[in-house]
């Protein structure tokens, strides 16, 4: 057998013995670009026993087969340690995975690298779960046993993934909180949940129900469903107890807070009962599990005597069941998200009450049957656990043998190539230093966080802070000249704050965008639009112009962007002085000249066609009454001119009166229509509620 050093094209290298052109005997090999290292024994190009070290510092010590971990071995990955069997690169069939920082561990069977079959989970506080697993989750039948309440871990945040979580690595250390059921409301959680405890003080069913349009004081509000009204209603024990938990608290594996989905009522309602729990009280759940949650039939009981037997859904009492209180009283019926919605005590409808009682009995029988099966599965899990412990001890012996082979390979590599770089020890040193830094940071983090959040202290030069602040002044950016809605927005307060200038929209007179001191292309693009926007904005706020002597020009200026003459030529000034009409006419002209300022910005665009000039002539049918007496005292020589002016004034007044009449009709019609619609909607809702209450 010969030996030496061989460098690969991908940057890796091998230093050790070989035979037949393949690695054989003992040797050390690095991966592509020198990343990763294996040191140990080889068999014609394949690893046999040794130690593989990743650049992160994670290691595997054990046996290999066909280039994959196979047999017995120990994997150190982050803060987790796996000892047991390996099958073609995956954990299993029997093994133990435990946390190096806490007492959390799993002992049992595995499949494809996940907990599968039967096993025992032990959590950081000492609580346990024995039963079935599927794809890394508690699924099937099992028994969850908590530690005394005073020793149970306190869950402070549903988003926090504890080191005791055995399934947290599959979600990269972060676990999303359990979403509430689709038909259940989001409700506040109790203040201090404990791992493994699902029994918590809750509010009454009335407090948990969403408040509708009709309260208890109304006629429809007095229609109630049949529910328990016995002595439980006057006692503190009447309140619902069973509550969702973190799939078994932060002490459970990769479980997150379903606490936000279950508690009815305010947080302070839960405090009295939590304070009354004895520190030695324990809790046990025996029954079905689905997707890592209590779902199906099951029994949950406390050492104090509190007990629930019935159906569960997502760690909540959901279905038919019975709650037995420590004083012997019972609360039974149909539960919905931990709240009793149908009881059997009030016998308003005897037939319906008997059906509910039958379903409750069926739920209790199913829960007792599920509890018996769960105890059997727990016994099987205990036997699997003992077998996994034996495999873990054998894996420790295999790791010792692998380390011996690794030391031999390193010694041989130094002899064959003294200058050969061995990255494995360096990786492990980095990992140790990183752990020391993380531990020191964990000790310093709480006081830093207690002082305050870091976001307000971010410097003003930070681009993120700058981006957060700039959208506020840019809420109304200057628009192109062809968009009239922009000058309309600031119109009500423009006279006070002068917000119509293009620069004022950005908060600075000469700036564009969020960086006024830096010229940008966007500013150059917007500059051509400034004159148009300024003209439109200022035109809307100009004082009314002097009354013109030609009403036709003022009227049709709303339809055209220029003055259009439709009446006869202007009479000489002497004629205007002799006519008695100039006094009432300016009033009409002034009243008409004021509204065109806002209307002129919209009417010309919405109704641009000019042929509307002959249309108003047909509408002037009701006007001769006020105009005829004014035209009588005029001289006959100027009847033609006076008639032209009177007709124009009549047309103008007619249009104004018709427009005012239409606006009045619209306002009169809108109010009763809205009221009627609201009344009809409320009536329909009331009838629907009445119908539902009568049916239920």
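The backbone N, Cα and C atoms fix where each Cβ goes, glycine too.
Record check of 102, 228, 520, 593 in Swiss-Prot: the feature phosphoserine is attached to 593. For the annotation phosphoserine, the record in Swiss-Prot points to 597 among the listed residues 189, 501, 597. Looking at 330-344, 345-359, 360-374, the range annotated in Swiss-Prot as motif 'Bipartite nuclear localization signal' turns out to be 345-359. Per Swiss-Prot, the annotated phosphoserine among residues 179, 613 corresponds to 613.
For the repeat 'MORN 7' (285-307), the mean pLDDT of the prediction comes to 93.
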